[in-house]
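The next block holds one structure in the form of structure tokens; read it before the comments.
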Amino acid sequence: MNPNSKHNTNFTNLLKPSDSDIKQFAAQHIRHLTDLLNRYAYEYYTLDAPSVPDAEYDKLFRELEALELNHPELKLPDSPTQRVGGEPLAGFAEVRHEVPMLSLTNAFSPQDENGVFDHAEMYAFDQRVRDGLDGGKPEYVIEPKFDGLAISLLYRDGVLVQAATRGDGTTGEDVTQNIKTVSNIPLRLHGENTPELIEVRGEVLMLKADFVALNKRQAENGQKPFANPRNAAAGSLRQLDSRITAQRKLHFFPYSVARQQDGFVAEEHIQELAYFQALGFSLPNGNFGCFKNIDEVLAFYEHMQQKRPELPYEIDGMVVKVNSLAQQHELGFISRAPRWAVAHKFPAEEALTIVEAIDVQIGRTGAVTPVARLQPVFVGGVTVTNATLHNQDEVSRKDVRVGDTVVVRRAGDVIPEVVRVIFERRPMRETAVAVSDGIGHRQDDLFAETPSANQTQSVPLHKPYRLPTHCPICRSEIEREEGEAVARCSGGMLCQAQRAQGLIHFASRKAMDIDGLGEKQIEQLVAQDLVRHFADLYRLDIPTLQKMKETADKTVAESDQMPSEGSSVGASGKHKKQPVKWAENILAGIEASKTPELARFLFALGIRHVGERTAKTLAQAFGTLERVRRAPEPVLACLPDIGTVVARSIAHFFAQAEQQAMIDELLAAGVAPQTQAVTIPPARHAEPQRWIARLPGFKISENKAQALWELAGKNIEGLQTDKALPTDWQAWRSEPQNAALLENLKTFFAQMPSEDEAAQGSDGINKAVAGKTFVLTGTLPTLKRDQAQSLIEAAGGKVSGSVSKKTDYVVAGEAAGSKLEKANALGVSVLSEAELLTLLG
């Protein structure tokens, strides 16, 4: 046969694989290598029983990399090559948690001088659990409380599709690209019984050995070392360039299932942990367990406290959970924490150091806090140079002085504090003293016939510490009210320290939420006297902001002998101004903050004792800023979660002319707090006998107050004028300030809507929404979750986290999930975002 014949050529072509055949083979081999490498990783990280040497794994890994390089379109979502990182991101996207990531209540077991634990708080926890279960006997699971970052991992059809940080518990950041670089997180779940959807909660951390190695590299590269493994893990996980994250070895340990569809259904938490391991996750084997009673739990806790230094990772306690998931459900939640779990913290770590100086810090409310400046000491995983001394009483009680050797503790492993002084190490000096000669004469007696020999005694080198009498910042007097532990600077907003801290709080995210205006800018504005009051922020313009930045940059340039930031030097040596987009962004943020929710505005004012929760209570009780400004102290004291002390603080704030003027200035500058629906009508809580019993300076029980109210004809005018009332009442009301208070109460109640009026929708309450319970689920087209919640609450509705028979509406967005299914099963009305907005009007 002629080898060059046409038939022979066709036969050769038939033997040559087509492009589609090559691609099919590549796809099959990529799938094979991906599965094989993931299995080897599972054996290595989860089972701790590798079946192949590292060199074999590396060879297969490089083979997979080469295939993916030639066929990037065939790269699988669970490919282990993703663990080396990808291209940098522009920023982290927000992620709304379908199930909030809640915190745990803390419990402490202090040790005495002999190392004996006091477990009273844990026994109290056990009793609360038993009471909640009507005497039932719970089993407990105890597991390490890792000192890392809480992370939520979402798997769909077994593949990791999203990873999010905890954030504020409701909203976190999307860190999926970085999480994929964590070696012991499965990119595809193992096993045959993988769920259709599962959200796994756990902790990302850095092992101690990896932390030491990282800091060594940082030092070798001339970079700042990390303070502790937690900071290193946090900094690594929040890198926009995931290739940097990949270089820093992070670990993950799971601790709970947030939600799940299909797959194995656990009845106990210990079964959940076993399920995690079956799915390919690592567990802290040997460091957790299930126990029959609280005494066994506490014995294991003490064992782990002793074992803590030997662990490969940092832990700051143990988490104790009721094992039965049914019992967990029965116990439920309180506020933002489960009743069925507690974080049992270890005793804080302590170390010795020397007090080099004591000075004071001035807080935004004027609180004067003495602070010990310390010789640097490594304690609780960080280098400590400052420690709080709390107040003058604490300084005096502990007798802390400059030069003292002290025990420093990181209280709760967060805030360093001075625990006690080692008095035998106190620096002393010798001083001459006058002593008796034994006959009754003294050494300093000029008429003594036989003077005694000179004698000396040791006295402390430094005098006892006393707070300064005047503020070191503004020189205003430091005052301390009777019965108060904390002394305060009397300068108010005249004090630069209070002014800066007050403005930082005012602009903060949970207050007015002024986007773009950070602490550094505010500190510069205050230091340069460009802003003195809240309203001054709303008068800022681009020239003022430019002046602030130029002055700040000039200071930096003079100290560094470098051209200032924000300018450039051309060939001629002349400075060219940069664009002012940054200033425009700040002004846009200020403008956007002009219509805050009433609760945010009240919180922003910085009223003493008024946190977010109290501010929300005030908004829900009074509805408008004007009503809050005029609310009498006895009415405030009747509201939920407020009480006498907080009520007095609120009333005192609004009684000051300068505070009212400050609010008027804000209103004049265009700030307009939104009207809030009255969902906690004062009439419901401030019944006559209750507010009468809370009148300042008049002691009376609620029963007697009720009798007084009836004697007065059940009206305030009778209380003001009836001459047949008891003489002690008549004496009280004759005082001018008390007469004014009664008049204020009469006017206030006359102008407040009744409970019925509030329920019927007066004062802006939406009749269709007031009193209704809403549940939000899924991603809405235009509204963020907190925006939708604010709109509902402003109209008088309530937002719940779970669907029940008491739910009136479920507002469903994209990927609504199990809440939508439950709503349909219970026959609860389901609304789209558009339908919600229509309902809200």
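The backbone N, Cα and C atoms fix where each Cβ goes, and this holds for glycine too.
What you see is a predicted model, and the numbers here were worked out from it, not measured in a lab.
Swiss-Prot assigns the feature region 'Disordered' to one of the listed ranges (180-201, 378-399, 554-575), namely 554-575. Sorting the domain 'BRCT' (764-841) by DSSP state (H, G, I as helix; E, B as strand; all else coil) yields 27 helix, 17 strand, 34 coil. Checked against K145 (active site, N6-AMP-lysine intermediate) by C-alpha proximity, the binding-site residues E56, R166, K321, C489, C495 yield K321 as the nearest. Considering only the binding-site residues C471, C474, C489, C495, L104 (NAD(+) binding site) has C489 as its nearest partner by CA-CA distance.
Here the binding-site residues are C471, C489, and the one with the most other Cβ atoms within 10 Å of its Cβ is C489. Distance noted between the C-alpha atoms of K321 (NAD(+) binding site) and C489 (Zn(2+) binding site) is 45 Å. Other residues of the chain with a Cβ within 8 Å of the Cβ centroid of C471, C474, C489, C495, the Zn(2+) site, are I362, G366, H470, P472, I473, R475, S476, I478, S490, G491, L494, Q496, A497, Q498. The two recorded residues C474 (Zn(2+) binding site) and E56 (NAD(+) binding site) have their Cα atoms spaced 70 Å from each other. When each of the binding-site residues L104, C495 is scored by how many other Cβ atoms sit within 10 Å of its Cβ, L104 comes out lowest. Ranking the binding-site residues R166, K321 by how many Cβ atoms sit within 10 Å of each one's Cβ puts K321 at the top.
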